[in-house]
Each structure stands twice: as C-alpha cells, then as structure tokens.
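A.B. asks: Here it is, the structure, as structure tokens.
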Amino acid sequence: MAFFVSSITTLFSLFTITCISIVILPHCDAFPLHYNHHPLLHPHHHHPHIASHNYRDALTKSIMFFEGQRSGKLPPNQRMSWRRDSGLYDGSALHVDLVGGYYDAGDNVKFGFPMAFTITMLSWSVLEFGGLMKGELQNAREAIRWGTDYLLKATAYPNTIFVQVGDAKKDHACWERPEDMDTPRSVFKIDANNPGSEVAAETAAALAAASLVFRRSDPMYSKILARRAIKVFQFADKYRGSYSNALKPVVCPYYCSYSGYQDELLWGAAWLHKATKNPMYLNYIQVNGQILGAAEYDNTFGWDNKHVGARILLSKEFLVQKEQSLHDYKGHADNFVCSLIPGSSSAEYTPGGLLFKMSDSNMQYVTSTSFLLLAYAKYLTSSQTVVNCGGTTVTPNMLRRIAKKQVDYLLGDNPLKMSYMVGYGPRYPQRIHHRGSSLPSIAVHPGKIQCSAGFTVMNSQSPNPNILVGAIVGGPDLHDRFPDQRSDYEQSEPATYINAPLVGTLAYLAHSFGQL
C-alpha cells in the first residue's frame, strides 16, 4: 500500500542475498553455478550503496512524460510547456463530453483500452511504492486523476463505455500536431448490444485501483471511483463479448485484444476485491478463477494480457493478507518468476541483457516485468518466503537484482550506451515517433501545419525540436540495435503504458539508494 514503507529495504540490501525461508536452507548460496555467475544476477561490480543511475531524476521525468500526452484543456501548472490545448470538442459527435484523457502514444487518437491499463498500472505503482515517492507522489496522483476524470466521463451512461475518440486510419494518414487536428473525432462505444468485456473490465480495474490511491487524500473522489468501478465491472461480466469483435474495423490492428476477455475479468475482480473488500469478489475469483485462466502458462504482461498481473496481485492476498483460499496464486506467481530466470527455456534476453518478448514496443514488457518482480519481492519478504524453481531457490533480492538490471539497461547500461528515456542521460533517442514532439511547437510556429505537410518532417533526419521529457521508446531489437529512425514506430514510439509501471520501480530504486 502507498502508506506502507517496508523496513525490509534496509535489512536486505539490494546486493545481499539473504536466505529467508519457511524452511531451513542448507546454505545461502542456493543458485547453481550457471545462475550464480549470470550477469543479470550480478550487474557489474558497483559498490552496493553507490547507484549507477540517478533514479530520482528518472522518476521525476517518467511522471512528467504524462503531461506531454494530455488531451483537453491544459492546466496552469502544465510543465511540458510546448504543448497546448487540444481535442476540446471530443465527444461532440455523439453529444457527450469526452474532453481530456491521454493520447496513448505518438498519434492523436484516444484509445480507451490502453488508457485504462495505464491508469491501473500508475495506480498500482503508487499503491506499492507511493510511500517512497516524497514530492513526486502528488505529481503521480495528478497523472492518475487526469486519466480517471476522463474514464468517469467515458462511463457516465449505464451499460455503455465510450472506448475511442478518433478514427485511427484517418489520423495515421496525417502527421500533425494534436493542437492542429482536423481529422474526424469519431466516437466509438460498447454497450449491451455490442459488448467489450476486455475494455470494460480493465476500466473497472483502473477505477478501483485509483479509488485506493485517493482513499486518504480525497475520500469523496475515492468513493465516486469505487462506485463507478462496481457498476462497470457488472457491465463487463453480465454482457460478455470481445470488443475486438464488436469494433473490429475500428480497434484492429491497433489495440485488438488477442488474449480474450477472461484475463481482464479476473484482473478486474482482483482489483474490486482489493478496493471494496466485498466478499462477493473473492467468491467470484474462487468460483471463476480457473475458467478465467488463472493457471495458464502465459507469461507476457502488458496492455492486452493481464493474467500475470492478476496472479501477482492475488498472491499478495495469500502471502500478506493470509487469505488461504488464494494459496494457488503463489504457485501461479512462482511459475511466472521461474520463466524469467536466466537459463529458463522460456526467457529470452539480448546479448546486452535486456529481456526480449517481441519486436514491437518490447520495452513495455521490460517495465511491466520489472515492476511485477519488485512487487512480488516485497510480498515474499513480508511473508518470509522464497520461490523454488526446479530445485533452485530464488530469493526476493534476486528478483530485485533482475529488475534493477533491466532498469539500468533502459537508462543507459547497454552496448550502445543509450538511454531509452528521452531527456535522461547524455545520449537518448532524438527522432522519436511522436507527432507533437517532432513538429515545431505552437509557440515557434503559430500557423497551422496541414495534414500531409508534416510528413516532410517525419521522413527527415532532423532531431525532434520538442523534448518529450521522460518518454520511453519501444527500445532496441533482439541484437541490442537501435536505429533512432522516426518512421520506425516499433522501436521509436513512446507509450503511456510503457511508463506507467516504471514509475513504481524507479521510486523503489531511488529510495533504495538514498536518493529520496
């Protein structure tokens, strides 16, 4: 929880393997030889208390990034000053107010599915590590609220969710600033006749998780979020169906749900259980968990597939809250951890040590996995347990080490000595796939830049004039290569769901090294 600051951080240095187990271990050096000397578990030979990076600076920037993705009327305290108001009539096509929210990545469409996941993960970041964030906690809350204010608008009508603003095909045919948008701001919705359980359950998860974030700082707002989350989850569960079927021409191939909606129903129920403590959600999980894929061996966690996140979240209920009926989720979570251990048949890493899941926006899986490892390490430490991977004991600090190694790679400890966070470090991507960042700002060029005129800039080699501070791009390929080409959206495009889980991870690392 946000207010829970574990003293374990000081007891267990990031670089000290301490054997804590519910069984007595014969010795502390429990990894076989090929694990013990793997670089992912022994990142360089830094002094244990000297950080290789300024995690606090990276934390500040990772949150500031969200201001660059804002849609709507910008507030007076907007720090990303090259941005201006945009999308001020969003929703008018259906006579509803859908002003606000976030552009998901480098275009000007508001996609509800990844936006909701972004808010869920920002909220989880704050709930687990917000107590360590100091002055950044308020900025993180504001980033969450910008999203939840929009999600409340999108769910204002019963059994209806407005899940997208903007025609992606027409938007992508233009390269223009959000402030100049003249492409159709079409509005798309799901309802009882055209269900979309994935996006509905993810929206419920976001509202429920955020309700916990604001429980103390804004109790009234927290109650509004929780009440709406309950109604939205009811809708998701009662009217089952995939939004990729109902809205296929609109959402595919951009944010098609390939994993189905079962994972979101489990994930949403887990967050409703956590937020409301209503026994009906625990019962729902107990009855439906297996049907919804609790035990499946899918170990990729991102905007589409939530199974792993649900397993880790529910394992906390067993490990920390001692909910015995969720015992199996410890095993499910352990299976995920074991799939990542270097040497595992299902773990793939680049030669430089980066976890590699897929070529399109791989960094989202790096940040989501790193967060899950730190969260699970926290739960294991709290319950004084470990993970057993086929006879190999994996301690919480080993998980912390793997997570730190991934973050350090992202921040510049890689073969190219390239930070994949814009504005962090001496060398970072200059030509990110992002319309607003790549075109002259309104302040520099007040005149409208037409739809196709921007492609001259998009196809050029000139650096982006506006620094989208904190943006994390898709990242290098399987061989640690990164061309820094604006047209290469797979490697050069940032996204809100890449940053969201990293916020919590950076807070933990900054605190661990005495930077917060």
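Note that Cβ sites are derived from N, Cα and C of the backbone, with glycine treated the same way.
No curator has checked TrEMBL annotations; they are predicted automatically.
TrEMBL feature annotations, pasted as is:
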- 55-506: domain 'Glycoside hydrolase family 9' (DOMAIN)
- His433: active site (ACT_SITE)
- Asp484: active site (ACT_SITE)
- Glu493: active site (ACT_SITE)
A.B. asks: Round to a whole number and give the Cα-to-Cα distance in Å for the pair His433 (active site) and Glu493 (active site).
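C.D. replies: A Cα-Cα distance of 5 Å.
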A.B. asks: Give me the count of other Cβ atoms within 10 A of the Cβ belonging to Glu493 (active site).
C.D. replies: 21
A.B. asks: Pick from His433, Asp484: which of these active-site residues has the biggest number of other Cβ atoms within 10 Å of its Cβ?
C.D. replies: His433
A.B. asks: Taking the Cα atoms as reference points, how far is Asp484 (active site) from Glu493 (active site) in Å?
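C.D. replies: Checking the Cα atoms of Asp484 (active site) and Glu493 (active site) gives a distance of 10 Å.
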